[in-house]
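Before any comments, here is the structure.
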């Protein structure tokens, strides 16, 4: 069986995430799963209820469920760690406030990964600020390769492709190669400049040609995707959960099985050695292809000066976040 950890397992994202993992929708319909759930001590009662529900789903692939509030139990021998749990962002809260609260959590979880998890463990950080949390986690797990750490920007990619598809009146899977650069924040750059759309007639054309509205692509499209998380919080009074869980599943599935031919996926990964001039030692979202569990940055994409400015702006925010986070760790 694959041993998969979900942290924040009593929370609302996890409630939409646990079933597809246990049902074979992420790691395959023949892959047995040991599902490990971690949350804080005051959530253990809720976790017991989640355990009952998973048992009541009668899922043939689910070999064992472990619910715990102890890191040494949760992180033992992991194949995948989906780090969802974090202090949640409330309406009106700045990401920097979140950063300071969450750095300590991911410092501790990095140490636990280093001590207890398999050295091949793949880590997906969801708790915000996800990019910098992933970097901190990696720093405190030096025995696990930095390339095994990632942060979730697939939700942003899904939002971007859904906006283009809706604009064109097409299914979401007709849009490919539209990606996210940089931070999972409102400085992210949703980039359709290399995007492709397959029409109902099967003919492929560039997103820019299909949409034929550069003002929308550089304006409302951009801001809608960048600010979608805040818009959901304003409407629901809670942050994105169902869509976040779907994106985590997409991210983990593609990392496990590989990317579809001809398409790219967005993941925040370690920036070392990239060909786009992004500073090393950042968790930065790039377009990737994945094969045999190994990701590669898609190199050589054409970016105009406007796009390059967007990459720099989100890089600057990540540098600032990283430096703040490291100073909190040292304090």
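Quick reminder: no glycine exception, Cβ is built from N, Cα and C everywhere.
As recorded in TrEMBL, the features of this protein are as follows:
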ACT_SITE  184  active site, proton acceptor
BINDING   39, 102, 126, 127, 128  NAD(+) binding site
BINDING   89, 95, 128, 159  substrate binding site
DOMAIN    3-149  domain 'Lactate/malate dehydrogenase N-terminal'
DOMAIN    153-325  domain 'Lactate/malate dehydrogenase C-terminal'
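The structure, with features from TrEMBL marked on it.
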residue : record                       : CB count, 10 Å
39      : NAD(+) binding site          : 23
102     : NAD(+) binding site          : 26
126     : NAD(+) binding site          : 28
127     : NAD(+) binding site          : 26
128     : NAD(+) binding site          : 23
159     : substrate binding site       : 20
184     : active site, proton acceptor : 30
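Between the alpha carbons (Cα) of residue 39 (NAD(+) binding site) and residue 184 (active site, proton acceptor) lies a span of roughly 23 Å. Across the domain 'Lactate/malate dehydrogenase N-terminal' (3-149), DSSP helix (H, G, I), strand (E, B) and coil residues number 66 helix, 27 strand, 54 coil. Spread of the NAD(+) binding residues is 16 Å (greatest Cα-Cα distance among 39, 102, 126, 127, 128).
Across the fold, the C-alpha of residue 126 (NAD(+) binding site) and the C-alpha of the residue listed as 'active site, proton acceptor' stand 10 Å from each other.
Of all the binding-site residues in the list 102, 127, 128, 159, the shortest Cα-Cα distance to residue 184 (active site, proton acceptor) is found for 128. Geometry remark: residue 127 (NAD(+) binding site) versus residue 159 (substrate binding site), CA distance 18 Å.
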